[in-house]
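Enquirer: This is the structure, below, for whatever I ask next.
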Ligand SMILES: O=C(O)COP(=O)(O)O
Ligand SMILES: [Mg+2]
């Protein structure tokens, strides 16, 4: 197996990419909205609500009710969100079909894995623990791990540096994500990106401009092989 610093690395987004968490995320949002005397939002709205972290999710839930989000109210609801969602984080949430088989296949070929998510870091660990996935990842970096988050490149490059060390660079790292924030972070960091078509986005993934789109985790191997070939051709 090659030296750690040059081992290839898959960096996964979490919500809508590795795990289908829509019911639990929207369930917590709706519990909070109803508690505030507001209307719940339909689960189908997940595509235009999730992707920029819990705070933005709460703001969008308030706006969907025609309420301008005041910072103090968002702070209070964010604290409630952490508790309620933390207690219900894996009621319905499961990995997408084929995730574990794909991880097995890449791991057997020497790949390492990391998570770069806008979900708060503690909740990300809690969810991965509940699903028995934590040990698969060499780094789990949430929306509050660094001073910036996706779509900022530094969230992705910081995640890669956690795995490889500060000086190793981004060669042979590939991002896998479901939203605009993922594609933009990857582009900003000059890292190739696989877009999944089954996650949470208000625009079709193909329109967000990833290098390649997959419809199922079974297609990830060939998609990554194609990107690796292209990168080698370019080097
Ligand atoms: O919590 C969110 O809004 C999004 O999380 P993600 O970055 O894992 O998609
Ligand atoms: Mg996502």
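All residue numbers here begin at 1 and follow the chain in the order shown.
Here the Cβ of each residue, glycine as well, is placed from N, Cα and C on the backbone.
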Enquirer: Report the candidate from 138, 144, 152, 178 that shares the Mg(2+) site with 13, 15, as recorded in TrEMBL.
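Expert: Among 138, 144, 152, 178, only 178 appears alongside 13, 15 as Mg(2+)-binding in TrEMBL.
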Enquirer: List, in sequence order, the residues of the same chain other than 13, 15, 178 whose Cβ lies within 8 Å of the centroid of the Cβ atoms of the recorded Mg(2+) site.
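Expert: What remains near the Cβ centre is 12, 14, 16, 17, 18, 50, 51, 117, 177, 179, 182, 196, 199, 200.
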Enquirer: 13, 15, 178: which of these binding-site residues has the highest Cβ count within 10 Å of its own Cβ?
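Expert: Of 13, 15, 178, the one with the most crowded Cβ is 13.
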